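**Q** First the structure, which I've put down as structure tokens, then a few questions once you've had a look.
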């Protein structure tokens with residue numbers, strides 16, 4: 001009797017690495033997680049030790065096997081999903097990184113991004129990459145490493161150094177240096193990849209003086225890239241056959257295969273991605289254009305809006321204000337509120353994300369009265385998450401010309417029923433919460449499994465991640481629009497407040 005076969009997903013995140021084993025029904029049968037240290041050399045800088053990331057991945061692979069008694073020989077394929085944009089540069093011969101990995105959040109390369117803007121490259125880079133010029137993306141991080149590590153530029157020009165985002169680094173390590181590849185979704189976040197022509201862009205590479213030889217080969221999101229070296233996978237030589245950046249993996253895990261389908265992951269922040277089909281659509285309203293996924297020679301583009309503060313607003317209520325003891329408690333407090341929703345919290349603690357991109361804005365509260373209670377404040381904070389999502393969804397509809405009918409949701413805060421119902425009400429559309437909230441890892445597993453025939457085709461996947469719960473809009477139109485207009489006024493007032501503060505400083 002043959003042994004049952006499984007797919008392993010490696011989910012390499014910003015603070016921890018996970019390995020999850022799925023069966024053919026898309027069910028999680030085993031998982032292991034390990035955190036690794038964050039490095040903060042200066043204010044605003046965030047780095048990781050790339051070898052500590054690799055060690056954490058080896059540890060969780062072993063942990064997933066131990067927990068389940070599944071053997072490496074039972075793994076049909078491996079899928080990888082990862083924190084996007086984070087940049088590693090390493091020695092091609094020794095495999096040793098020449099500097100720490102510079103993390104997506106890090107602002108140490110902001111002066112390079114600012115110089116590119118001042119030199120007038122914004123339009124060219126946006127049209128080619130779909131991105132805004134920002135330190136967020138990999139391009140400025142590579143330039144910074146080549147500038148700050150002695151001899152790095154010369155070594156890169158000699159072909160002695162390799163660059164990769166975390167997906168590339170992990171495949172290179174798992175295959176013992178045999179394979180240097182990335183996928184469409186990760187390449188699209190480097191600010192070096194022409195997402196229309198599907199090539200590394202020579203003009204941008206020349207502008208930043210980044211040697212092309214450093215860059216990995218770009219592959220589709222679902223194909224066999226190589227096999228694990230046996231001594232790096234506990235004796236197993238297993239195909240690595242699926243890769244996608246974390247948010248694109250979640251889009252795929254949510255089965256958002258058709259144009260107009262949208263997913264939102266309610267994590268620390270909120271990441272909303274819309275499948276726009278095979279036509280690249282540049283945003284006129286500060287959304288990012290990116291690649292959702294590419295399979296079998298066909299690329300699906302996407303629009304993305306990032307909200308900085310979502311679940312972390314609930315953490316603020318718990319840890320900062322001590323209004324609640326646990327995050328789930330926020331739902332009970334909000335349901336106990338008897339207010340007419342006249343209180344607005346604008347959680348711009350680190351500025352406002354899409355579609356405003358106002359880094360100077362700071363948090364504010366409007367509409368307080370003597371009768372405002374703790375319950376009202378908690379409810380207003382939860383509602384702020386839903387209002388921000390509407391800001392992005394409305395913008396997506398304008399940019400794409402597509403009428404969005406449903407929002408597919410996952411992530412920790414998606415478990416809050418009150419928030420999900422209010423989200424449905426304020427958008428006026430259905431909210432479909434996934435039955436399996438492991439959508440990021442599941443997306444990577446689906447991509448890997450398709451490449452090796454573990455699942456026959458994308459239609460076969462549609463049975464595997466059914467809707468867990470559907471929230472239908474029940475608020476009348478006039479009330480919905482009145483509440484949302486109040487939110488827009490609150491955001492405008494928040495922005496004006498910081499603008500006037502800046503003007504006062506300039507006048508001194």
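Glycine is no exception: its Cβ is also placed from the backbone N, Cα and C atoms.
Not my notes, these are from Swiss-Prot:
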- 14, 15, 16, 268, 311, 315, 412: ATP binding site (BINDING)
- 14, 18, 268, 311, 412, 416: ADP binding site (BINDING)
- 14, 84, 85, 136, 246: sn-glycerol 3-phosphate binding site (BINDING)
- 84, 85, 136, 246, 247: glycerol binding site (BINDING)
- 232: phosphohistidine (MOD_RES)
**Q** Of all the binding-site residues given, 85, 246, which residue's CB has the most CB neighbours within 10 A?
**A** 246
**Q** Here are some recorded positions: 18, 232. Which one has the most Cβ atoms within 10 Å of its Cβ?
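**A** Highest number of other Cβ atoms within 10 Å: 18.
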**Q** C-alpha of residue 16 (ATP binding site) to C-alpha of the residue listed as 'phosphohistidine': distance in Å?
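**A** Residue 16 (ATP binding site) to the residue listed as 'phosphohistidine', Cα-Cα distance: 19 Å.
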**Q** Please work out which residue of 311, 412 has the most C-beta neighbours within 10 angstroms of its C-beta, and give that one of the binding-site residues.
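**A** Neighbour-count leader: 311.
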**Q** Taking only the Cα atoms, work out how far residue 268 (ATP binding site) lies from residue 247 (glycerol binding site), in Å, as a whole number.
**A** 13
**Q** What is the one among the binding-site residues 16, 247, 268, 315 whose Cβ has the most other Cβ atoms less than or equal to 10 Å away?
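**A** Output for this query is 247.
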**Q** In this structure, which of the binding-site residues 14, 15, 416 has the fewest other Cβ atoms within 10 Å of its Cβ?
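**A** It is 15 that, of the binding-site residues 14, 15, 416, has the fewest other Cβ atoms within 10 Å.
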**Q** Within 10 Å of the Cβ of residue 136 (sn-glycerol 3-phosphate binding site), how many other Cβ atoms can you find? Include all protein chains, please.
**A** 22
**Q** Do any residues at least six apart in sequence from residue 84 (sn-glycerol 3-phosphate binding site), in the same chain, have a Cβ closer than 8 Å to its Cβ, and if so which, in order?
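**A** For residue 84 (sn-glycerol 3-phosphate binding site), the qualifying residues are 104, 165, 185, 186, 189, 245, 246, 247.
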**Q** Quick one: of the recorded positions 18, 85, 136, 232, which has its CA closest to the CA of residue 412 (ATP binding site)?
**A** 18
**Q** I'm trying to understand the geometry here, so how far is the Cα atom of residue 136 (sn-glycerol 3-phosphate binding site) from the Cα atom of residue 14 (ATP binding site), in Å to the nearest whole number?
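**A** If we compare the Cα positions of residue 136 (sn-glycerol 3-phosphate binding site) and residue 14 (ATP binding site), the gap is 14 Å.
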